Structure formats: structure tokens, C-alpha cells
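Visitor: Okay, here's the structure, questions in a sec.
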DNA sequence: GTTTGTGAAGTCATTCACAGCT
DNA sequence: AGCTGTGAATGACTTCACAAAC
């Protein structure tokens, strides 16, 4: 599959690669590769080996090569991968060639932080709508965007081309908001509320629960201290 | 090379002792079970079948039973699981019987939101220290906690029993902060900075990168639009 | 020499399906 | 009847190891 460069992307009729159904595990790693490539690029590096890039992203180099090969990206044997070309290829696969339009629903502390998080716009996610149900919050101005009544959400989704919804409401409101988003045609949802959302097939939901992450750490912490008596460290090759 | 950057989501780098040797995939699901059990408990339910609990957490019921069986939790055939008992069991396995003491380093917008996020203390994670390097932020009061100079971090870890560090600094500072935490004896880190941390074996790192989540959604969005019309939506996977 | 690309092997995770308990 | 617990089957992911390409 040495599809050569060519590529800048977009949706050609010809399938440049199998990109259609990439294993979820691969997709999860692509943003990480992309970030590392950006860092390399800023350092003026223009070619990178799978070994080096793998180290920068914390994965095994064989896996990295296999991932890239599945994307249809290719390197040069004996040399490595072209940093800029690879970054462009990954960005294309991720659909980052056009900016996405994001609405945040729920502007409590977390929602406000998300609204102001520079990492979103830096990576091409334009926050274009803020919505809340609390009259005490509606009307507030956050870095130039005014918080609107969630009743206006559906219309805004249609009129303003919103395609990603970020739910940062309390758990009790999350399903309702998800329904609003889905009915308005949004098919990608990032859910920060601590609950499972029911959505129709075809709608992608990703969930981030900050307390869950801490609980997982708690588990490790707990079992590290339990292990003190046994001292049996299972040696497993640590990358 | 001490490169241990623990992967994004799943992967246990920690060396747990024999008794607590649960697969990482199971540990990831436990907090979700616990949350669903809490909801059931509040509704006055005191017995639940694997089928029902599985539905509430979005997993397959056989997997749920297998998970619980690995914990040593058991239900009653023909009846189901005792809600309170199961919740207590899972909490014990996760080490949630004693509260954890958390420091947040980096109090930009995200760090401030985390500091005020009620979900942490609700689930037994006490935020006891806030640290930043910016003189403009040091000294600020956030809900009764004063932001201290990061130079005081190591002493605070020791004197105040901090066992979890949350890094919410810019990427460039994150490795330095991680080193400080590790040197001070912290073995659990939650990293919000967009970079891979190198830590010695025995230190557990979990990473949450908000932009990565959006990029993954972008992928799905992108491929929905150029996929065949009879799209076969594969199951989305939650970390 | 270096480094990619990939079959094959290995490891881990999930689902199935049913025996066995209540 | 209903439901758990678990071996077996399936599927997914990762790593190994090496031939082919530069």
C-alpha cells in the first residue's frame, strides 16, 4: 500500500484506504500521534522514525506502524515518516480539515471552564453556542459569547451549523439535553454528566467522568498499599 | 529510560499485588457500577438483577456478572444482587473507604473548575491543596482554599497527606510538576495537560485530554458523512 | 547500515449459552 | 419460575520477529 503522497485528503470518491472502519483502539491513538507530530514539527524536525514517534506517544513502535499502515499512511524504509505529510494524513482521517462547530450546554463551573479552554479552538473546534436553563446564567457573557436559553438550542443547531454538543449539565438534566441535541440533528455528543445517555444508533457519544478517573486512581493507590505485605511485584515489561 | 508514560485510557502500569490483580478493563467499569447502584439505592430499590444493572451502565449482563464474580461479590440466584451490599463491596475494592486527599496544580480556567467541581468531594475526594506558579494566581481564594506557590508543593504533600495530584497546567509545565509530585512521594496522577508524562514504574498516571475526545467525535462525524448510506454503526466504545 | 510493513503468535476482553442454585 | 456463575467460543488488540525496501 504505498499510496504515495497525494493526498491531501478530502473526500475523494476513491477510497484511499480503508479508513472507513478503523478499529476504535486505533482512532483513540490518532489524536495523540497528531499532537506529538505537532511538537516535532515545531522543533523543526521533518522526518521521524516509528521508534521515536512511538516513544513520544507512549506506545509500542510496531503498533504505531501498524496503525499508520491501516490509515494508508506510509513512510520510507530506512528513513522514517515525513512529519508534515503524516500529520496532514492523520488530520484528514480524523476529519479535522474543516472546523467543527460546538455547542456547550450547561455553564456551571465546568461548562464555563470548557467554554474558555483554549485547547478547543487551537485544534479547530469552534465553540459557537452556549446554553443553559438557569435564568441566573442565561445572558452572561463568556469571552464574547452570550449564554442563551436552552430552549433556543434546537434552532441554533440548525441555523448555526452546530455538529457537536458538549453536555456539562448536572446528571439529572443530561438525558433531556441529549434528546434535544439528537432531535435537532446532532450526531456527536461529549458527555461530562455522570450518567449513561440513551441515544439512537448513529449518534456517537463519548463520556468523560472526572470522578471516575479519580476512582480508578484510588484503586491503584489502594492496592499498592495492600501489596506492601506481599511485596510481590509482578514484573511486566514496562514500555 | 524511564519512559513509562502510561497510555491514554486503559492500561495499568502499576504493579498491583496478587490479591488486587483485577484486569484494567474491569476496574474501569467499577465506578460506573457504583454510580448506578447509588442511583438505585436512592430510588429505594434494594435488590437488582444483573440484567437491570447492566442496562443502567450500558454493558452486557454476562460481563457484569463476570466482573462482579471476579471481585468476590456474589448475588443470589433467582433473586439478584443486594444493592447496598454490592455498593459497599465495590467501594471497598476501589479503596473508597477512606477519603483521598487531592492537590490540583495549575489553576487556570480548567484547574479552577476542577477545584470547584462538586463531584469530587461528593465521591470522597477531598481537595486539600491548590498550587500554581503564576504570581497573579497565587494567593487567590477559591471556595475557601488559597492557591499556594508550587514551590511549596513537596512540603504540602508530606505534611498534608496528599496522595493524588491533578495536573491542570499547560503542557510545557506538566512534566516538571509530575517530577515534583513523584519526588514528594505521590504515586497517583491525573493529567489534563496534553502531553505524555514519564514517570517511574509504580506511579499510576491517567490522562484526560479534552481535545482528544472531540477529535475522536470528529472522526465519527467525518466518516458518517462519507460512509455508505447504509451505515453500519459500530459500537462505540467507552474508554 | 537503518527502518518500514506485516504475517504469525500471543494476550486480553467480550459474548454466548447453559448448568445449577433459590 | 428467575437469575447467577462460568466454561467455552469468539473477537479484538498488542507484540514479536523478520523479510523487504531504502
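Cβ atoms here come from the backbone N, Cα and C positions, even for glycine.
Sharing the features that TrEMBL gives for it:
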{"type": "DNA_BIND", "residues": "A:32-71", "note": "DNA-binding region"}
{"type": "BINDING", "residues": "A:106, A:107, A:108, A:109, A:110, A:111", "note": "NAD(+) binding site"}
{"type": "DOMAIN", "residues": "A:95-196", "note": "domain 'CoA-binding'"}
Visitor: Are any of the binding-site residues A:106, A:109, A:110 near chain B, where near means a Cβ under 8 Å from a Cβ there, and if so which?
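Guide: Listed binding-site residues passing the 8 Å Cβ cut to B: A:109, A:110.
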Visitor: On average, what pLDDT score does this prediction assign to the DNA-binding region (A:32-71)?
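Guide: Value for the DNA-binding region (A:32-71), mean pLDDT as a whole number: 97.
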Visitor: Rank the binding-site residues A:107, A:109 by the number of other Cβ atoms within 10 Å of each Cβ, and give the residue at the low end.
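Guide: Output over binding-site residues A:107, A:109: least Cβ neighbours within 10 Å is A:109.
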Visitor: According to DSSP, does residue A:107 (NAD(+) binding site) fall in a helix, a strand, or coil?
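Guide: In three-state terms, residue A:107 (NAD(+) binding site) counts as coil.
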Visitor: Can you check which residues sit near residue A:106 (NAD(+) binding site), meaning Cβ under 8 Å from its Cβ, same chain, 6 or more apart in sequence, and list them in order?
Guide: A:131, A:132, A:167, A:168, A:169, A:170, A:173, A:177, A:192, A:193
Visitor: In sequence order, what residues of the same chain, 6+ apart, have a Cβ less than 8 Å from the Cβ of residue A:110 (NAD(+) binding site)?
Guide: A:168, A:192
Visitor: Taking the Cβ of residue A:111 (NAD(+) binding site) as centre, how many other Cβ atoms lie within 10 Å?
Guide: 24
Visitor: Taking 10 A as the limit, how many CB atoms besides its own sit near the CB of residue A:108 (NAD(+) binding site)?
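Guide: Result for residue A:108 (NAD(+) binding site): 18 neighbouring Cβ atoms inside 10 Å.
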